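*Asks:* Here it is: the structure, laid out below.
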Amino acid sequence: MLDAMREKPPLVHCITNYVAMNIAANVLLASGASPAMVHAPEEAGEFAGIASALTVNIGTLSTQWIDGMQAAAKAAASAGKPWVLDPVAHYATTFRRQAVADLLALKPTIIRGNASEIIALAGGESRGQGVDSRDPVEQAEDSARRLAERQQAIVAVTGAVDFVTDGERAVRIKGGSVLMPEVTALGCSLTCLIGAFAATAPEDLFGATVAALATFAVAGEDAALGAAGPGSFAWRFLDALAALDGEALDARARVSLA
């Protein structure tokens, strides 16, 4: 799937936060996709109809941004394009909770979050603090299954060991590095990469989500080998993504049934 994406680079419409825009665009470029950071409500809906996939991250919200997100999500859904929701710290404020509730009503095809975000989104009590998860992934697995069934969507919980489910099937993905949480917006970038894989294989959104997470996990392992800390890890991670190919990914991905 990685090789197929590079052979025909998808245009991924990323509505993401200010912190993440640069690294998310570079992650997509290194992986072989084409990023577009378009969030103005005056054009977001039109652009979503052009793009191969849409990703929506609520990290830096405003009323205008929400208008753009909703316009894009409606257009993507109407055009049958996959779209990914990243409900960053949605539990933190009333404004965020309402924004996410409205976006969920527009039926995202994939939802990606940390454990605290997914637990809260499914109706449970999480221990999240701001954008940081205080809950381990394994405690969010049942919540992810319930959320996937309720939303009829793929749900990915990312952390030390990732978890992906469609409500029936479920897998865990091992790999990555302890340095990954020390580089801001890598998780936001992963949401964009999920969109790229979903655009490449819209007929297999479960497999596309797993492939994106496995790509991040293997690249994270490679980047950590020579990294002295988060600074050198960040650029090594981009290099690792660019160097990874489908054969190496298939050989090294650690995916198991859950």
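One-based numbering along the chain as shown.
Yeah, the Cβs are placed from backbone N, Cα and C, and that goes for glycine too.
Straight from Swiss-Prot, here's the annotation block:
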{"type": "BINDING", "residues": "MET37, ALA185", "note": "substrate binding site"}
{"type": "BINDING", "residues": "ARG112, THR158", "note": "ATP binding site"}
*Asks:* On a count of neighbouring CB atoms within 10 A, which of the binding-site residues MET37, ALA185 is highest?
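*Replies:* When each Cβ's neighbours within 10 Å are tallied, ALA185 leads.
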*Asks:* Could you tell me the C-alpha distance between ALA185 (substrate binding site) and THR158 (ATP binding site) in angstrom, no decimals?
*Replies:* 13
*Asks:* Over all shown protein chains, what is the count of other CB atoms within 10 A of the CB belonging to ARG112 (ATP binding site)?
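*Replies:* Taking every protein chain into account, the count is 31.
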*Asks:* Any same-chain residues 6+ apart from THR158 (ATP binding site) with CB under 8 Å of its CB? Would you list them in sequence order, or say none?
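*Replies:* Sequence-distant Cβ neighbours: ARG112, GLY113, ASN114, VAL137, GLY187, LEU190, LEU213.
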